[in-house]
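Pulled from TrEMBL, these are the features on record:
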COMPBIAS  1-15  compositional bias 'Polar residues'
REGION    1-40  region 'Disordered'
COMPBIAS  28-40  compositional bias 'Basic and acidic residues'
DOMAIN    302-376  domain 'U-box'
REPEAT    436-478  repeat 'ARM'
REPEAT    518-560  repeat 'ARM'
Amino acid sequence: MSPLLQTPEESTAPSRSGRKLARTTMGLERDKKRHGDFEDRRGDTLADEIGIVTTAPAPNGVDLVQESVSLIEYVARLGDFRSTQRQECYSLVRRMKSLLPLFDEIRFLGSAIPPNGIASLSKLKKVFCSAKKLLKTCNEGSKIYLALESEAMMVKFHAVHEKLCQALDELPFDEIEVSVEVREQVELMVTQLRRGKRRKDTQDMELAVDLMAISSKTDERNADIAIIERLAKKLDLNTVENLKKETIAISNVAKERGQTSECVEQIVEILNKFKQVFAMEVIDVFEDPVKPKLLSKSGSLVIPHEFLCPITLEVMRDPVIIATGQTFERESIQKWFDSNHRTCPKTRERLGHLSLAPNHALKNLITQWRQTKNYKSPNTEGLASPQGSSIKQEEISSLVEELSSCQLEVQRRAAKDIRMLSKENPESRILFAENGAIPALVQLLTYPDSKIQEHAVTALLNLSINDTNKKLIANEQAIPTIIDVLRNGRMESRENSAAALFSLSMLDENKVTIALSDGIPALVELLEQGTVRGRKDAVTALFNLCLNQANKARAIDAGIVPPLLLLLKDKKLNMVDEALSMFLLLVTHPQGRYEIGQLSFIGTLVDIIKKGTPKNKECAASVLLELSSNNSSHILAALQFGVYEHLVDISETGTNRAQRKARGLLQVMKTSDQLP
């Protein structure tokens, strides 16, 4: 018979191991149909992960290959990951998927897999189990927790990468007869993994400083609202639906770590701040985070899911369809568009147009259902201002016109009203900008009247919370004028000018504009001379500006180091964390290391490592590690100040991050022969 007419079974005589493979594969398929996919079964990964020797029969190569493939297929189906770890997750999934050709070749080998090959495959499967657990956490876990623990999560990813490299290095490619092409692909992947591990991680510093700001128990500046809104947007926690899901995720973290742990308390506090900004009810996440407020008011009434707006999770009154085919409450989606969003809130797809088409069929169904069930909606204020008030277009226009009045008192009152109305109402910020308030307010900054100046700069601060307004304010050449107020205004005006510069500097182009307009020396001056609040505003703005590498040198030239040292030494100011965070940023610059690596500074760092709070110790150890990694004389000086025993203690009892930094310092001592 011609080979072309033969069936696969006829064209190749299967060996005994090949027949065994076919039988085992079919058996696995039957098991999967009977019990569900491999990844959902229990009892086969826990013992692997904790190293318990079980009495189960030794694994064979075929089972290990199939189970590894099932794990890869599982992680490939996970979909989206949390924004803070998204890049690492997709990279790890991509690496795992690239191993499928290797498993395909092993699966269809005619020869038996040798014992050392089975041992390597078993080790590889354990790595996949660890990877699955890590990726599931990044897919389902609390977004706030993962943001706070971003560095610890990065360490876990590196550990998985290292174990994956080790397992692949041990695979006996020659003995299991893997093709040269597949072997080269695997070796290339291992090289890329090791190269990636050698690269320094670039922390999202904007995210870090925002978390630091809203976690502070002493800082209650007006700019906090801007930080909370920006952080919520960055973590994708700016809709009611996502905040409700986050509440459930946080309750799971609390069950694992304990309700009274410092980490859980911090997460809950941040979550509640998000909810307050978006006018959501603050509930106890430890009691009943799943039960929706709407259903608790409606008794046993079950509301069809299709009747709920995906944004507010309330029953729709005027449902409309957008370009992606999704349906929303008209008012909710219109406010989403008015906030300069051009994506679908549900699918995140970019919209081809912003037209709204009435969903008459659904509206009729909802109306009939309301009448049948005698359903009355609760008062919905999810997207209203925190005071529950709405601002009329006539009031907006009138106030903007009064900014150009010939009467000083009228201008002063209008600037104050705009300041107050834009403080906590996101909608008003857009409306004031659309009605021309920004150019008029910028003009008022040059007035000699101190009160007008104060109201104007604070109103611009509040308007700058909106990202589109940041660009409009910069385009009006407001930055040099704000810096002039920072230099010469009254103290409250100077403080709010610093906060405004912080808000505007969220745009990279504005970081450069502020620096070229001599904003950094003016902020350093406020850092030296200001009130506690003024210094906080100044250091926060300087931190954000110094995320630009060139601005680090400008800040050092402007004399930032001496006032930062004073913040470290004056415990009454309660700004040690802020100062250390600033030093940690500056120490990554060669000029910064030279300026701050003096003997007195090393002594201060060691003193904080000895006596500071857990957070202080963590940050001080980070700064010392960065200094010592570039100059071994710094670690010698630290040893002379008696740092060793305290590093040993921190390496065992400190926060997770502090332990890693302390161990890193002990390793530097060891490699530079400085251990006592």
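Cβ coordinates come from backbone N, Cα and C, glycine included.
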Problem - Local confidence of the prediction over the repeat 'ARM' (436-478), expressed as mean pLDDT - result: 92
Exercise for the section: Go ahead and report the DSSP secondary structure tallies for the domain 'U-box' (302-376): helix first, then strand, then coil. Expected result: 26 helix, 12 strand, 37 coil
Handout entry: Cβ-Cβ under 8 Å with the repeat 'ARM' (518-560): same-chain residues at least 6 beyond its ends
Key = 205-206, 209, 213, 219, 221, 223, 479, 483, 486-487, 491, 494-496, 498-499, 501-502, 505-506, 508, 511-512, 566-567, 573-575, 578-579, 581-582, 585-586, 588-589, 591-592, 595
Completion exercise
Taking DSSP H, G, I as helix and E, B as strand, the repeat 'ARM' (436-478) contains 32 helix, 0 strand, 11 coil
